[in-house]
Each structure stands twice: as C-alpha cells, then as structure tokens.
Amino acid sequence: MLVDKYGRVVDYLRISVTQRCNFRCRYCMPTTPFSWTPKENLLSFEELFLFVKVAIDEGVTKIRLTGGEPLVRKDLDVFVKMISDYKPDIDLALTTNGFMLRHYAKRLRDAGLKRINMSLDTLNEQKAKFIAQKSVLHEVLTGFEAALDAGLKVKINTVALKGVNDDELINLLEFARFRNSQIRFIEYMENSHAKDDLKGLKSDEILDIISQKYNVTKDEKLPNAPASIYRLDDGYKFGIIDPHKHDFCESCNRIRLSAEGLLIPCLYFEDALSIKDAVSRGDIIGASEILRQVLANKPKENKWAVGAANETSSRAFYQTGG
C-alpha cells in the first residue's frame, strides 16, 4: 500500500501517454510558439508498462490514460490490453477530447478499457471552434455516441467559462442526463499556458445557474473523488470539480506520470522525478524507490485554494493530463 506523509492512501496513477493534442483549447494550450517533446524522448509502451506493473504491485488499483490527447498516440489499444491482461480487474479509464473516438471506441473496449471521461464544453459549433480553435463538434458528438454504443461508461467534463458557455450549463446538463451520463463541471484552473483573458465560474456560480431551473441537493461526496456531487429531484447526479476549495486536496489519492517519464506528485507544482533511466534498463527496484520518493514529496495542498491569493500554476496541463 502506498501512503503519503499526510496519511493519504495513493492508489490512482494517471499516465500521460503523449503531450501532443489535435486541439488547441484556450484553457490549456500556450499562446506563444512551442514545440512538442520529440517522440524519441518519450517512454515506449513497454517502458510505461514496466512502471505500471511496479505501481500495481505496490497498491495502485486505478489507472487513467491521458495526454495531450491520448488517441493521437498510435496503438493505444495495445497498451490498454497490456495493462488489462496483467490486472484484469484494474479500474482502467481514458480521458479524451472525443474527436477520434469514433474510430477507436470498440477497439478500446475490447482491449479492456472500462470507462471514458470526455471533454464537452459546448453544444454550439461556433463556440466549440472558439474554444478548440478548430471545427470539432460533429466529430466529438459522434465519438460520444460511439463510446456509448461500444458499452463504455462515459462521463462528460465541462470547463465552466464566463461569457463563453455559462449560458449553456443547463443544456449541457440535460444533454448528459438524457443519455444517462454524469456531467462534471470543472472550475477553470489558472495556469500560465492558458489564455490570459479567460475567466472561470466558481462552484457557487455554477450552482446558481443550475438552480434557476432545478432543485439541487448536495449529495455525499465519494471518498477520494475530486468532484462534489449534487442531485436533482429525479435522482440524477452531477458533479463540480472545485480545486479552489480549501478541502480539495484532503483526499488526493493520485500521482501522475508524464510521457517522457516524469513522475509528478501534484498537478499544481513543478516538482517531479524521472523514472526514465530506471525503466529503460528494466530496473524494477529502482523504479519502486523513485515511486516511494515521489510519494514522500507529495505536498499537502495546491495553491488554487481559497486564501492562497488565487496563484497561477506554471504547470503545462497538456504535458500532464490535467
């Protein structure tokens, strides 16, 4: 079992299989020119899998594959099957923008993927183009339906932005509700790679909007879950991920592995240690020691919390998967 110095059990590994993305979302990607890490500097699936085995053997029970956009990395379903074959009952999930999902949903399900979280910030084509900086909505919605048809459980992630999609939150909730998918509204996480002019809605503002049409009751928060859960009168539940709340980090159970091999204890901070040398030489003991060291470095909380002057993270989310 992996336990940090604050007594939090860490059983959740998020793996960024690539930092590349086929979108340029304004709340994620930098405004200035940048270059991707060369492909030859990324861990191979075999190297990633070696660390996955270490993490599972140490007590990890949940793995999520992220990016960038994970589906732009070739043969992702092969990596999914490697993990699933090693630990068939592992909670194996994927976070995606959905654009390529129509091509891969069934293959991923057959390989052992169980769940998907999909970004959907708007149902309006022009707004989608504004956010992603390309025309994407038709492909995203087609991918969503393909995932449901493949038998995957799908949650929708929506970043709530003032003046962009705040007039659509109820429509988005109803879109998810009618398809029996949970939607989670995400507070915009300030970071130095995003557009400076973006302003996010806080959880209270999101609730005020939903409450204009629905009676909303706060539900019991699941252990280790990042989202606060709310219930409508008909029993439908939606979530709000609110990293600005002071208790957001109290039950954090996750660590992150970047595509180039950096093991990251916290999304907000830049601290990380590399496992690349260890896994490239097949050093299981060395990789395990680095995992323990990163766990010891896991901070108590981020600095988005109320009372921390709303500091801005310098972390590039497209490199760590958010």
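Count begins at 1; order follows the chain as displayed.
Every residue, even glycine, has its Cβ placed from backbone N, Cα and C.
The GTP binding site annotation in Swiss-Prot covers Arg14, Arg64, Thr95, Lys155, Arg254, Ile255, Arg256, and the record cites sequence analysis as its basis. Ile255 (GTP binding site) counts 25 other C-beta atoms within 10 Å of its own C-beta, drawing on all protein chains shown. Under the three-state DSSP scheme, Ile255 (GTP binding site) falls in the strand class.
Residues or ranges marked as [4Fe-4S] cluster 1 binding site in Swiss-Prot (evidence: sequence analysis): Cys21, Cys25, Cys28.
Residues or ranges marked as S-adenosyl-L-methionine binding site by Swiss-Prot: Tyr27, Gly68, Ser119, Met189. In three-state terms derived from DSSP, Ser119 (S-adenosyl-L-methionine binding site) belongs to an extended strand segment.
According to Swiss-Prot, the feature [4Fe-4S] cluster 2 binding site maps to Cys249, Cys252, Cys266, an assignment based on sequence analysis. In three-state terms derived from DSSP, Cys266 ([4Fe-4S] cluster 2 binding site) belongs to neither a helical nor a strand segment and is classed as coil. Residues within less than 8 Å, Cβ to Cβ, of Cys266 ([4Fe-4S] cluster 2 binding site) and separated from it by at least 6 positions along the same chain comprise Cys252, Lys298, Pro299, Asn302.
Annotation source Swiss-Prot lists domain 'Radical SAM core' at 5-233, citing sequence analysis.
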**Request:** Report, as a single number, how many Cβ atoms besides its own are within 10 Å of the Cβ of Cys252 ([4Fe-4S] cluster 2 binding site).
**Result:** 22
**Prompt:** Using Cα-Cα distances with a 10 Å cut-off, which of the binding-site residues Arg14, Arg64, Gly68, Lys155, Met189, Arg256 are near Cys249 ([4Fe-4S] cluster 2 binding site)?
**Reply:** none
**Request:** Measuring C-alpha to C-alpha, could you say which of the binding-site residues Cys21, Cys28, Lys155 are within 10 Å of Ser119 (S-adenosyl-L-methionine binding site)?
**Result:** Lys155
**Message:** On the three-state reduction of DSSP, what should I expect for Cys21 ([4Fe-4S] cluster 1 binding site)?
**Reply:** coil
**Item:** Taken over the domain 'Radical SAM core' (5-233), the model's mean pLDDT
**Value:** 94
**Complete:** binding-site residues near Cys21 ([4Fe-4S] cluster 1 binding site): from Arg14, Gly68, Arg254, Arg256, Cα within 10 Å gives Gly68
**Asked** Tell me, which binding-site residues from Arg14, Cys25, Lys155, Arg254, Arg256 are within 10 Å of Gly68 (S-adenosyl-L-methionine binding site) if we use the C-alpha atoms?
**Response** none
